[in-house]
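S.K.: Checked Swiss-Prot, it gives:
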type	residues	note
BINDING	LYS11, PHE59, ARG87, THR93, ARG104, ASN114	ATP binding site
ACT_SITE	HIS117	active site, pros-phosphohistidine intermediate
Amino acid sequence: MATNRTFTMIKPDGVQNGHIGGIVNMITEAGFKIVSMKLTQLTVADAQKFYEVHAARPFYGELVAFMSRGPIVAAILEKDNAVEDFRTLIGATNPADAAEGTIRKKYATSIGENAVHGSDSDENAAIEGAFHFAGREQF
């Protein structure tokens with residue numbers, strides 16, 4: 001297993017519901033190193049660009065509105081097998097289907113408000129990390 005990076009966001013519901021500390025704690029306890037992190041807010045245009053891969057999907061407009069409604073925490077994480085291990089840590093998109101001990105099981109309230117985003121591939125992790133962090137912000 002090679003050490004690599006993944007990207008995550010604590011979504012507006014996770015921030016609004018006061019779960020930043022709990023989620024970050026779960027991430028670090030799972031062995032991830034936080035190499036970049038910031039509190040920010042996506043504009044509608046930012047959210048449209050970030051999620052443009054979903055533009056043709058029926059939930060796109062709702063997703064863009066949700067992701068731009070309040071602050072998020074964006075982070076780049078490092079660990080052996082980072083993408084796969086983080087996807088396991090966050091759990092299924094639907095918190096009702098998420099395994100016990102996962103972030104979404106503990107902090108998500110619905111499919112739409114599922115607390116966190118995690119990259120689905122090494123390639124997307126690099127793209128998503130670069131979207132939120134300039135090279136000088138990545139350590």
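The backbone N, Cα and C atoms fix where each Cβ goes, and this holds for glycine too.
Could you place the listed features in the three-dimensional structure?
M.R.: In three-state terms derived from DSSP, PHE59 (ATP binding site) belongs to neither a helical nor a strand segment and is classed as coil.
Around HIS117 (active site, pros-phosphohistidine intermediate), taking its Cβ as the centre, 19 other Cβ atoms fall within 10 Å, counting all chains.
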S.K.: Provide, as an integer number of angstrom, the distance between the C-alpha atoms of PHE59 (ATP binding site) and HIS117 (active site, pros-phosphohistidine intermediate).
M.R.: 16
S.K.: What three-state class does DSSP give HIS117 (active site, pros-phosphohistidine intermediate)?
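M.R.: For HIS117 (active site, pros-phosphohistidine intermediate) - judged by DSSP and reduced to three states - the answer is strand.
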S.K.: Within 10 angstroms of the C-beta of LYS11 (ATP binding site), what count of other C-beta atoms is obtained when all protein chains are considered?
M.R.: 27
S.K.: Rounded to a whole number, how many Å is the Cα of ARG104 (ATP binding site) away from the Cα of HIS117 (active site, pros-phosphohistidine intermediate)?
M.R.: 10
